[in-house]
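Chemist: After the structure tokens below, expect a handful of questions from me.
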């Protein structure tokens, strides 16, 4: 892909998200979502491989269906209220259909079936964009209208997502599918937080993007797409393997790492709202995700790759990709827990 085409597509991705984030009119927000979808499709199909074409087709059909439902929801609300304002969402039909469409765009269970298959068919860089940047615009819309949404539906989607995200990743051997189920589980925590505090959901989204960015960049540096190829990572780059281990444990929510912060705050708020049973169910479902994170850390650090050479150090060329973003996101994924009071005072 030529640099001019690539820069145009990346600029369109940024433009679509900014249009959706800054709009107060439903048609403008819908237009931003469409620009986002159309900009990433050439990036997904650039590999010219049958799996990539299949993943691109699945993604396009799913996103087009969700966009059509969002348009239907906004037209229905405008017909009922006489306004196109995003904040003025009062019709029950519009609220329910909008929530279902955004859940489909995000890949939240029970509308999650497309996400593992699509991520498996594309490369790691495009998978990183799909798992992080493409979540921003739908989440911004969801946070804006969260006070009008049905809390029972959000709680149900959140609990189902955390269970499905943990259960689905248990028997996977492909790292991209594991990251997809990890994304589903984290989105479940965000849905549960939306019913209590949109600011807490925003904090969870920021930390999720940070940890996912660090993990995808680590996998790209290690050139790993399967669990079996992770066993040689310690011989290649011991420092990166150790940092990736901490990042995985942080995604699982182990203290004293950054990932425990949003889960801790969400469970605390749910307990304050007398939702103790729901908080217990979500905490137990997080153990499912923690199992396959620990499985990955075991493969990276405690499994030795078969090596017939007399030297244990593998010869390899140094990577040409920039390391600043990888270093920054990895450190933020590990060491932000002490700044919890500061983040709470800023966000909440």
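Cβ coordinates come from backbone N, Cα and C, glycine included.
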Chemist: For the feature transmembrane segment as recorded in TrEMBL, pick the matching range from 240-257, 258-275.
Modeler: 240-257
Chemist: Kindly say whether the transmembrane segment (202-219) and the transmembrane segment (324-347) touch, using the definition of 3 or more Cβ pairs under 8 Å where each pair is 6 or more positions apart.
Modeler: yes
Chemist: Would you kindly list the residues that approach the transmembrane segment (153-171) from elsewhere in its chain, counting only those six or more residues past its ends and only Cβ-Cβ distances under 8 Å?
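Modeler: Answer is 96, 99, 103, 108-110, 112, 116, 177-178, 181-192, 194-195, 275, 278, 281-282, 285-289, 291-292.
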Chemist: Under 8 angstroms, Cβ to Cβ: which one of 26-45, 96-115, 324-347 has the largest number of such pairs with the transmembrane segment (57-76)?
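Modeler: The stretch with the most contacts is 96-115.
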Chemist: Under an 8 Å Cβ to Cβ limit, what residues of the same chain, 6 or more beyond the ends of the transmembrane segment (324-347), are close to it?
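Modeler: Residues 199-200, 202-203, 207, 210-211, 213-215, 217-218, 221, 243-244, 246-247, 250-251, 255-261, 265.
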